[in-house]
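First the structure, in the form of structure tokens, and then the observations on it.
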Amino acid sequence: MMILKDILYKVTINAVVGSTSISVNKIEFDSRQIKKNDVFVAISGTITDGHKFIEKAIADGAIAIVCETLPKSLEEGVTYIEVANSNQALAYMAANYYQHPSENLKLIGVTGTNGKTTVTSLLYQLFKKAGYKVGLLSTVKVMVDDKTFRATHTTPDSLTINKYLKMMNDEGVEFCFMEVSSHGIHQSRTEGLKFAGGIFTNLSHDHLDYHDSFAEYRDVKKAFFDGLPKDAFALSNMDDKNGLVMLQNTVAKKYTYALKNYSDYRAQILENEFGGLLLKVNDNELWTRLIGSFNAYNILAIYGAADLLGLESEEVLRLISELENVSGRFQYFISEEKITAIVDYAHTPDALKNVLETINNIRTKNEELITIVGCGGDRDKTKRPKMAHIASALSTKVIFTSDNPRSEVPETIIEDMEKGVEPQNFKKTLSITDRKQAIKTACQMAEAKDIILIAGKGHETYQEIKGERFDFDDYKIVREFLKQLQK
Ligand SMILES: CC(=O)N[C@H]1[C@@H](OP(=O)(O)OP(=O)(O)OC[C@H]2O[C@@H](n3ccc(=O)[nH]c3=O)[C@H](O)[C@@H]2O)O[C@H](CO)[C@@H](O)[C@@H]1O[C@H](C)C(=O)N[C@@H](C)C(=O)N[C@H](CCC(=O)O)C(=O)O
Ligand SMILES: Nc1ncnc2c1ncn2[C@@H]1O[C@H](COP(=O)(O)OP(=O)(O)OP(=O)(O)O)[C@@H](O)[C@H]1O
């Protein structure tokens, strides 16, 4: 139980009806979760409006309502708080309710289009190896030191974030690495948190189904850096054309990393092969099992962050060489028949291009590259032809297939993709709606030394069709087919 007044600290309040000295049990923003003496925060969402459920919340026991517009008729005995922004109010209320857990550890936020999961997960691994108690809030999973929890979002809602951070406090966690998505920033999920550092990976075409324009998407990311406190660090990628923009208005201490441009943390790729990367980082040689030039950026960001967080440079170099790739991120194996199968989460044009270029830089001319790729339903349609264009231009064969069609007809998504294929590349492409069948066909087509890339789903273990999730694991399926095909 907490006093409502205390939970409202720092919330921008327009009007109060009733007493704020009442005891409330917990905070909820979903009327379906309301129990007796809870406070209900009404949020106007993308599908519906929480304000429609105020009456229901009261009927189910809510004792206080936080909303942007007061209902026409007010219930006796219920406290109403009119706020400027419910999402923001929720974020401050969550931090107050859980006693500001972000202030009791070093919280590092990683934002950008690609690389968030890789950078946060590797930082988690690195700090664990260095002997610390560590937390992780990522798309793949949430870790409270050694305890694993299922992730529902890249950046969960503010109540969930604070709940996990409080658990981390209770476990004695010193560092927490969290992914900060543009949806998360836009919906104020990270507001009221005290960050000790922010890392920018890169910015490319993504989420234009949600944000109105690229400029808005960029400014949302920038807002995260604008909000960092003075004693935090802001570490940005100078090889990305928006790297400087991120640092423009922040009061945090600014640091940079790059492969091509002048920066605080610099790297040069000395070797790039299927076994890993050899880098020269600020005059030291660094070996990593991670593959591909984009991972040189991730490694550099990790190196910089570890340095800024006080880890000793030599130890960091040693520990980085022990890091394992994140599940579903360039996860690969080589079959008995010497066919290489790679599963990668690349589901944006940029990420797909990176992965394909990485493979093409490593493979020889007589090794074929068969790519299996699809695009999600109910999401940004403009990336469909772009991804098909990239896949068909950079592979020897391509199979277009389904990737979480959701409420859409999968064949229509594939047709949208096919529009991006240039005429001279048509003969390389094939469309097989059923993803399992597409993987099987690729396995049958492949010969020794060929490479199969299955892009888009990475660590996901389901296929989402018409609101239902069916078991589906690219890595498991390709392994089984390649095993069956062994002669
Ligand atoms: C588009 C989007 O971001 N939606 C998020 C948003 O929900 P919403 O705005 O759609 O909510 P809504 O359904 O309109 O409902 C409005 C309000 O009414 C309430 N309600 C609703 C029904 C009811 O009976 N009673 C009730 O009180 C809801 O609890 C909500 O508070 O707020 C919810 C609570 O925080 C999120 O769970 C939800 O994420 C949905 C599930 C989602 O898919 N989000 C994705 C797009 C997302 O956030 N992705 C990013 C990463 C993307 C990436 O980088 O790939 C992420 O950080 O995960
Ligand atoms: N620094 C990078 N630059 C470009 N591409 C990258 C980078 N790091 C990873 N990728 C590619 O993007 C894919 C997604 O990587 P990762 O999961 O780390 O990104 P993310 O930002 O967490 O994306 P999401 O929020 O959608 O999970 C990887 O599988 C890889 O192909």
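Cβ coordinates are placed from backbone N, Cα and C, and glycine is handled just like the others.
Since this is a predicted model, take the numbers as computed values, not measurements.
The domain 'Mur ligase N-terminal catalytic' annotation in TrEMBL covers 25-98. Summed and averaged per residue, pLDDT over the domain 'Mur ligase N-terminal catalytic' (25-98) gives 97.
Positions annotated as domain 'Mur ligase central' by TrEMBL: 110-305.
The secondary structure of Asn114 (ATP binding site), as reduced to three states from DSSP, is coil rather than helix or strand. Summarising the annotation, TrEMBL assigns ATP binding site to Gly112, Thr113, Asn114, Gly115, Lys116, Thr117, Thr118.
In the structure as shown, the Cβ atom of Lys221 (N6-carboxylysine) sits within 10 Å of 26 other Cβ atoms. Sequence annotations record features per position, and here TrEMBL assigns N6-carboxylysine to Lys221.
For the domain 'Mur ligase C-terminal' (328-458), the DSSP-based tally of helix, strand and coil residues reads 52 helix, 27 strand, 52 coil. Among the features that TrEMBL reports, domain 'Mur ligase C-terminal' is placed at 328-458.
In sequence order, Gly376, Gly377, Asp378, Arg379, Glu464, Ile465, Lys466, Gly467 are the residues near Arg406 (meso-2,6-diaminopimelate binding site), counting only same-chain partners six or more apart with C-beta under 8 A. Annotation source TrEMBL lists meso-2,6-diaminopimelate binding site at Arg379, Asp403, Asn404, Pro405, Arg406, Gly456, Glu460.
According to TrEMBL, the motif 'Meso-diaminopimelate recognition motif' annotation covers 403-406.
Of all residue pairs in Arg379, Asp403, Asn404, Pro405, Arg406, Gly456, Glu460, the annotated binders of meso-2,6-diaminopimelate, the farthest apart have Cα atoms separated by 17 Å. The domain 'Mur ligase N-terminal catalytic' (25-98): residue composition by secondary structure is 25 helix, 16 strand, 33 coil, according to DSSP. Using a 10 Å Cβ-Cβ cutoff, Thr118 (ATP binding site) registers 27 neighbours.
Taking the centre of the Cβ atoms of Arg379, Asp403, Asn404, Pro405, Arg406, Gly456, Glu460 as the meso-2,6-diaminopimelate site, the nearby residues of that chain (Cβ within 8 Å, site residues left out) are His347, Gly374, Cys375, Gly376, Gly377, Ser402, Lys457, Gln463, Glu464. Within 8 Å of the centroid of the Cβ atoms of Gly112, Thr113, Asn114, Gly115, Lys116, Thr117, Thr118, where the record puts ATP, the same chain has further Cβ atoms from Val110, Val119, Glu179, Thr201, Asn202, Asn298.
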